[in-house]
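Features reported for this protein in Swiss-Prot:
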| type | residues | note |
| --- | --- | --- |
| DISULFID | Cys110-Cys202 | disulfide bond |
| CARBOHYD | Asn18 | N-linked glycosylation site |
| TOPO_DOM | 1-38 | topological domain 'Extracellular' |
| TOPO_DOM | 63-70 | topological domain 'Cytoplasmic' |
| TOPO_DOM | 93-113 | topological domain 'Extracellular' |
| TOPO_DOM | 134-152 | topological domain 'Cytoplasmic' |
| TOPO_DOM | 172-208 | topological domain 'Extracellular' |
| TOPO_DOM | 233-249 | topological domain 'Cytoplasmic' |
| TOPO_DOM | 273-285 | topological domain 'Extracellular' |
| TOPO_DOM | 306-325 | topological domain 'Cytoplasmic' |
| TRANSMEM | 39-62 | transmembrane segment |
| TRANSMEM | 71-92 | transmembrane segment |
| TRANSMEM | 114-133 | transmembrane segment |
| TRANSMEM | 153-171 | transmembrane segment |
| TRANSMEM | 209-232 | transmembrane segment |
| TRANSMEM | 250-272 | transmembrane segment |
| TRANSMEM | 286-305 | transmembrane segment |
Amino acid sequence: MKTFSSFLQIGRNMHQGNQTTITEFILLGFFKQDEHQNLLFVLFLGMYLVTVIGNGLIIVAISLDTYLHTPMYLFLANLSFADISSISNSVPKMLVNIQTKSQSISYESCITQMYFSIVFVVIDNLLLGTMAYDHFVAICHPLNYTILMRPRFGILLTVISWFLSNIIALTHTLLLIQLLFCNHNTLPHFFCDLAPLLKLSCSDTLINELVLFIVGLSVIIFPFTLSFFSYVCIIRAVLRVSSTQGKWKAFSTCGSHLTVVLLFYGTIVGVYFFPSSTHPEDTDKIGAVLFTVVTPMINPFIYSLRNKDMKGALRKLINRKISSL
């Protein structure tokens with residue numbers, strides 16, 4: 001992390017030269033009243049703990065149960081890791097700021113936070129698309145599943161997803177550190193996000209916004225299209241199953257993932273395609289909370305409640321811990 005911050009500082013100095021630049025940002029958060037701050041602290045601390053524990057249990061259960069050592073659950077374990085990392089990237093700093101009554105964050109820390117927020121949003125998107133394809137193969141081509149979705153292929157897809165996420169985040173970061181912020185350093189947000197930072201800059205952000213639009217649209221459209229057509233084929237295949245038990249088994253395999261997909265893209269449509277024209281800053285905050293806090297917290301419940309294999313693995317893990325006491 002220190003090396004990354006040093007890299008940001010060097011890059012910033014190269015592009016900005018001797019011009020006066022800011023050294024920190026002020027995060028305004030949600031409310032200014034102290035009583036609201038205390039409520040926010042308790043609320044976000046609770047959601048943070050639930051998210052870390054829930055997703056952590058999924059990762060441990062998958063790693064300990066050899067039956068779940070398949071590409072399907074490799075993707076789920078990585079999604080849980082990304083969810084833990086996503087909420088840990090923003091919420092702890094916000095909680096510290098509330099307790100210390102300090103709203104400042106250094107320039108390097110802010111850009112680093114922005115970098116990782118992009119990584120985790122993109123990886124979530126890519127993993128959801130990859131998981132949809134995995135479910136398509138499992139339901140529509142069950143006899144060829146072990147051939148089409150070999151463990152090495154699952155690992156390759158995971159590595160590619162993480163690689164692309166970091167490349168996209170690095171691209172936005174390298175473009176951002178070339179911008180000047182003059183004397184404007186107040187962010188109407190609870191963490192450093194790309195869109196509010198671009199609005200704050202006093203430089204020309206046309207290239208940044210163009211790259212954000214093109215890359216962002218590509219990152220959304222490709223996984224969404226893959227998920228959409230995968231589930232169209234899955235639904236058609238399930239409807240052709242004659243037995244009720246067979247239909248239920250197919251639904252339990254992909255139902256939890258479909259719920260997460262609908263939640264994820266429903267959030268995108270609701271927040272970014274139908275934004276509030278009167279309070280655009282509130283829209284940014286709502287979108288950030290849904291992506292970085294609410295969705296990561298809900299995901300473990302969806303996967304554990306609606307996935308038979310996952311429920312069995314979690315039950316084994318809990319029983320093992322109880323018996324060891």
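Placement of Cβ uses the backbone N, Cα and C atoms for every residue, glycine included.
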Query raised in the report: Which one, from the disulfide-bonded residues Cys110, Cys202, has the smallest tally of other C-beta atoms lying within 10 Å of its C-beta?
Result: Cys202
Report summary line: In three-state DSSP terms, Cys110 (disulfide bond) is classed as helix
Report summary line: Taken over the topological domain 'Extracellular' (1-38), the predicted model's pLDDT averages 65
Report task. Six or more residues out from either end of the transmembrane segment (114-133), which same-chain residues have a Cβ under 8 Å from its Cβ atoms? Result -> 4, 72, 75-76, 78-79, 82-83, 85-86, 89-90, 157-158, 161-162, 164-166, 168-170, 172-173, 176, 191-194, 197, 219-220, 222-224, 226-227, 230-231, 257, 260-261, 264, 291-292, 295
Report summary line: DSSP tally for the topological domain 'Cytoplasmic' (306-325), helix/strand/coil in that order, comes to 18 helix, 0 strand, 2 coil
Report summary line: Within the same chain, the residues 6 or more beyond the ends of the topological domain 'Cytoplasmic' (233-249) and with Cβ under 8 Å of it are 135-136, 139-140
Query - Number of helical, extended and coil residues in the topological domain 'Cytoplasmic' (63-70), per DSSP - result: 5 helix, 0 strand, 3 coil
Report task. Look up Cys202 (disulfide bond) in the DSSP assignment and report helix, strand or coil. Result -> coil
Query raised in the report: Against which stretches of its own chain does the topological domain 'Cytoplasmic' (306-325) lie, if we need a Cβ under 8 Å and a gap of at least six residues from its ends?
Result: 57-58, 60-62, 64-65, 67-68, 73, 76, 252-253, 255-256, 259
